[in-house]
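Since the structure comes first, as structure tokens, the remarks are kept for the end.
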Amino acid sequence: MARGGSRRRNTSVISTQKIEPSNESTKAPEGPQKRKPKTEIPNSNGNGVIKKEIKKRKLDNELDESQEHLAQLITDFNLSVNELFQLKEYKTIAYWNPDDFSRASSTSQVPEIFDLFSKEPEYQISWGADSNEQDLSNIPLRLQKKIINEREQKLLEKFPFKEKVLKRSRDLEIELLQNIRQSKKTLEKSHIKPSPPVKPSKTSKGNQKIIKKKQVVKQEEEEAQENHQNEEYESDMDEGTHYKLKAVKYSIPPPIVTHPSHIPSWVPDPNHTESSFNSKDSEIIDYHPDAIQFVSNSKTTYTTPNIQAKIQNFLASYKSAIIDETSSGDFNNTLEEYEKIMTQQEQFIKKLYEKTSIEKRLELNGEKIERRKTVLPHSSNTKQAVDPFRSHGAIIPKTQGVTIHSTHHDYFLSHGMAFSRLHQQMRRQHQLRTKKITQMIEQHFKKKKGEKERLAKEKEQNLKRISKMAVQAVKKRWIQASKVYRFLQLQKEEELKKIKGREHLSQMLEHSTQLLEAQFNKSSRDISEVDTENENETDDHLSSSSDEDSGSPQNARDDSNVNMDENDMQLTVEELRAKYADIDQSIEPSSKTISSDSSNHESDSDDEDIDANKGLVALYGNNAVSVEPVSSLAATEYTDEQKTLIEKFSKEDEGISSESVSDDSLNDSSSSESDDDSEVDESNHKQVDSTKPTGLAALLGNGPTEDEEDSNDDVSADSDGNVSDDENMSTTDEEDEPKTPKSSEDPKMDEKENESDVLEEEVNGSKVRDVPLPPLLRGTLRPYQKQGLNWLASLYNNGTNGILADEMGLGKTIQTISLLAYLAAEHHIWGPHLIVVPTSVMLNWEMEFKKFAPGFKVLTYYGSPQQRAQKRKGWNKPNAFHVCITSYQLVVHDHQSFKRRRWRYMILDEAHNIKNFRSARWRALLNFNTENRLLLTGTPLQNNLMELWSLLYFLMPSSKVNQAMPDGFANLEDFQTWFGRPVDKILEKTSNGTSSDVIDENDKTTQRMDEETRNTVSRLHQVLRPYLLRRLKKDVEKQMPGKYEHIIYCRLSKRQRYLYDDFMSRAQTKETLASGNFLSIINCLMQLRKVCNHPDLFEVRPIVTSLAMPRCVANSFASTDSVVRKYLNDDSFKGQVSLKALNLDITSLDQLNYFTSQTTSKLKSSSELDKQADKLNELISASEYDQPNLDNFLEYYKFIKSNEQVGIRDNLKHASYLNSLRCDRIPLLGESVIKFLQTATQPRQPFTDAYNDIILSIPKRVEKMDDVIEKYSVLTPSVVTLDLKDQLIPLSTQRTIMNEVANKNIDNPFHKSQVKLSIAFPDKSLLQFDCGKLQKLATLLQDLTANGHRALIFTQMTKVLDILEQFLNIHGYRYMRLDGATKIEDRQLLTEKFNRDSKIPVFILSTRSGGLGINLTGADTVIFYDSDWNPAMDKQCQDRCHRIGQSRDVHIYRFVSEYTIESNILRKANQKRQLDNVVIQEGEFTTDYFGKFSVKDLVNDAEVADIPDKPLEPAYGNVENVLAQAEDEDDRVAANAAMKEVAIDDEDFDEESKAATNTATPSQTPGPDTAGSGIVDSTVKINNKTDSLEDVDYEDGVSHVDEYMLRFIANGYYWD
């Protein structure tokens, strides 16, 4: 008890920071002086020690008062935390010792659990406002230490006294702990004399236990209170001023209730049935305890002598026996009983000692005492035989404990039994030894018998083992030699392959040069034909006859050409160059017919020409012999046999090429249907098909010749004029070009053609003939569009396919329609033509045809399968239609029907969508039966050069030798090696890394290249120039306004920065970015882009509501309040007391007139009545008959008269009172005043309008205060109660209001305010201020609209459009919206309305909303709220505004959030945009390159620096699907609806080819030749096992054995 009390006493000291111990002492009568409380903690040794401690503390203390106070607060805080931990951990502080968990104490070790508890933020002292704001748990340890050190430095700079204060607080804590320990020692040493025990009053035996327990509890409470008061406080008594004060005594009244019987309402329970409860327990004890007296003096503070004496008496007289509590009940032992029990236990322990130690009959077995057992030794382990006849050898059982007295007979029997056991044991041992010896002898002789056989067998096994090891070593050596040989062979083949590739590239460049030279020569030849027309006519007849005569020699020359081509295949590149070095000189002009009798020199020259043509065709024909005959230069016209032979070989070629490129999945058409179609095709094209040589044969030899019916079109067919302006492609104009005579039956047409042939112009670096504008075309063409028509016409005349890659908005559609009109008007080729377009622009193409070329029969192929089948009926008939327009999806779905139809021109719009050459759809379109192909695209490159290769191969595959396409386009690996990898290096070298806000598109990237890089780009331009036409708006339309792009960097708002950093600091985000999973990374990047666009896309602002509690706090006092109100509202006394008689009811006087009351007051006569009453009083007072004598009649009569006088006096007094009461009545207000007020308030007269305007009704007042309520009702309470109205409004009033509301008589005027205060929606202005981009957009739109500009706002996310709508509505801008949900028929109406109405300043659109032909030239500003993943989509959006018809400069603003993922994406996109200038722009082409991004480049965050720099490589074609999966569910649905049209178009091209496609149709998949593919396969196999190729001998040097093995393998004698 003393220990617990001491600890509780210490607790009270620590928990109260400042002690005020002397308040109660002022109440004691002994101490009249008041003690002033002080904050010092005293020592119990006296005031002298206290002074020394204070002086010592003042000397050691160098801190000022505030710092000293701060140290004291830190000490108290640490001890309070210690105390709180004790309470939370142990639920009590009764046994708490502050020294246990103190950090200042050197003797105690702080437990880990307390260390964790004290590190919680609420239990730590913060020196700065921002010292603990940031959570460092997710930061690496190195950064944590750095941040902590920085904080410490800042705190030391801010609080230089921090270390001193902390040290002082530790010293104070140590001093306090020392004082506590000293106080404990003092209490242990103190001795208090016990006082005599207090006799309790008479109690029953049954109540004795209860009273004792109550006394113990009371003593504990008194002791706790005493210890609390006797705490060692530092004395506040100064001997100099309080020397007369010796001691202070005061008493505390005892508790009133010490027994249940002391409670007034307590009654014993009559149903109590316990045995321990008897009748005496119900006896009420009259107990009067003494008051507790406290004594305080200078030496001892707060002592209670009487309680201390009781405690000492109790401890001295307390005895308790040591008994088993489980088997005994609750004993209340007296001293006699205690002594008796102790004596019994002592005797019992003595007996146990005798039995266990002396007699040794008992033993302690664990916790039990048991009888000791007799132990016999185990004789089974006896090793030596014992002599049974010796007494000392006998085994006698040994017993522990008391010796057992056995007889001789007992010993004899035990000895015999022991001897018998020994005998049996010896016998068993002898038998075992005999068996062991026998087995050893047996094994010895067996081993001796088979020793020779065993040795021979072991020798044979050793030989086999050695042989096997030798064989394995030799085999391993041969395997290594085979691997080395294959490796060496692969190296040689790779070197040869590289050499052949370089030679092939040179040949391609020569072919392009020759092709352009031939086109130029042909143009010059056409000019010379105008001057020599009459001569050509005669020459035509001569040449025709000569050709007929020389038919056989021509065939012979063809055969010789085949043989010479076979010889050319055996020659090297240098030999071929030497052989065909004079190819240009061999082409000499000749206007005369060459007969079979010509000179040898001329025939040799002709042979060289034929060989040159043949060699080049073979050179670019995949080493295949061309079966197309090439006419000699001397022949001006083919003979009939030659035409028949050329037509036959041409058909065979077409069949072979279609078979080589066909797909297994596309060969399920019926034979009968194909036959019918072929017959119809032949009938359709009998009059329009021409058998003309194409490719180099057409350029270097004669121009294409038509049939007799189409001979008048020969002049226009010869209109090819592609002449290169490169320095390396110089031409010789002085040379005489060969003339190409032609036969024509219509001289008028020839004259017309000759007039048009004179005009020529330069297009794409080549001179092409200016063709006449077709009369079928309605409208006028711009100059550059007319040039495009000339270029397209030259492609057709030369039999070459091409790509029209003009920038979006330059009119590729009208140029295509002009080409078809030109073919119909000039060449009488009406079709049929197939135009494949995206689904979204099918209607646009049909409208363009009806607008510009209504003479064509256009079949728009769409609808359900039944509708499409109906449209196919009869379409094989001649002139059923001229042009068929369909979509990619339908043309692939019905590819069988389209394959059976023969098409003159197949035109693919938006051809960049067929960039995936591995898909089955690409191969299906490749196998269509078409004579010419034209691709239309605004972006020939989107991602890489391989897509450009895919388009070029689609135009003219390598299997079609009659096409002039080089074989290099069929070899993907070589093309990628030549151009793909160098261009990637160009990007790295030429990226200037500038961060300018304005991008200059006129900057020539090649100016910053070195010579080698410039040559590579020049070669690429040289190869592509004959087949691709690319014009930009800024080049062809000089009067077109400029385009300027600005980068606007937007700072993140506070909320955006918090969400962005919070997402980046998550451990899950770091793991996802480091994992490399493309889908997960894209999901993370999409979330970051949402934060940058608007934080509501990432996390919506919450709607704040109050916590509704069913009851308020005052509800618990409702019952008490109702009782009090009931008594206060009790009106029962009003019936017993008349307030009116007492003149207290002042309200009843309101009807009295004031003037009447004045008149009535004059009637007051109470003074007269009072005089009479006074006289009667005198008479009555003189009377002496208070108690008359009844025997005396006279006295009794006088007494009666006296009583009558008293009655009269009382009546007079009462009359005087009533007179005064009634005459003194004066009204509070008066009747006149009340009537006047009633008159003023009663609506007796109608109110005026002015009065109604001034005095507002409640509804009008609510309406007027609507703005005030809207602005200032913003504070939503945290908690509300539902029953508060019941506490404030009476039930009767509530019922009345409810009835009125039900009858619709009244409305709630506070409804809006209640709603505003109960639920708080986010303010609409936060939509702008939560986002940095919207803040910039608000400023930008304000400036744009003020200057009369109109803007297009593009975004990728559909939800951003919703946010922009809210933003524009808030600012009051008129706008229009276009997304994927807009119908096709409404799209054109919206665009026309926007272009027409200049009052609409803003048009918001989705970048993927479809409608590639949308014209929005009414706007001159484009704002990209967020950039698309693919820059090509953004470029198309720019072209919707910056196109033909725009009259103002176009400014493009791109919003980028700085220091985020968007800035990193923009930096990488600008890097890749340099390819736009390198490959296409400067080579008159273009590209939008979306290179490979790595996670490290995109994130660029210091916290995620451990992310590997690995590029993101998703599955080919699945990027859109991955991006769609990264969207939210709602946003995904909206985006799918918005991009529905684009999805329909894209799904035609995004399908990946299956793995079996390459193996099933090897000829259809472009790639290297057979040998090359074998090399690649073997290379892969070797590379997979390169690590296993570890031969030390081979690395040291090849020995003679290794050389022999390699030669042996090279000769083909080794097989694996």
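Yeah, the Cβs are placed from backbone N, Cα and C, and that goes for glycine too.
These come from Swiss-Prot:
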type: COMPBIAS; residues: 1-10; note: compositional bias 'Basic residues'
type: DOMAIN; residues: 396-468; note: domain 'HSA'
type: COMPBIAS; residues: 645-654; note: compositional bias 'Basic and acidic residues'
type: COMPBIAS; residues: 738-751; note: compositional bias 'Basic and acidic residues'
type: DOMAIN; residues: 793-958; note: domain 'Helicase ATP-binding'
type: BINDING; residues: Asp806, Glu807, Met808, Gly809, Leu810, Gly811, Lys812, Thr813; note: ATP binding site
type: COMPBIAS; residues: 1001-1013; note: compositional bias 'Basic and acidic residues'
type: DOMAIN; residues: 1333-1486; note: domain 'Helicase C-terminal'
- Under the DSSP assignment, what numbers of helix, strand and coil residues are found in the domain 'HSA' (396-468)? 60 helix, 0 strand, 13 coil
- Note on the structure: By a 10 Å Cβ neighbour count, the lowest-scoring of the binding-site residues Gly809, Gly811 is Gly811
- Candidate with sparsest Cβ neighbourhood (10 Å radius) among Met808, Leu810, the listed binding-site residues: Met808
- 10 Å Cβ neighbour count around Lys812 (ATP binding site)? 22
- Item | Local confidence of the prediction over the domain 'HSA' (396-468), expressed as mean pLDDT | 83
- Message: Take the mean position of the Cβ atoms of Asp806, Glu807, Met808, Gly809, Leu810, Gly811, Lys812, Thr813, the recorded ATP site. Which other residues of that chain put their Cβ within 8 Å of it?
- Response: Gly938, Arg1443
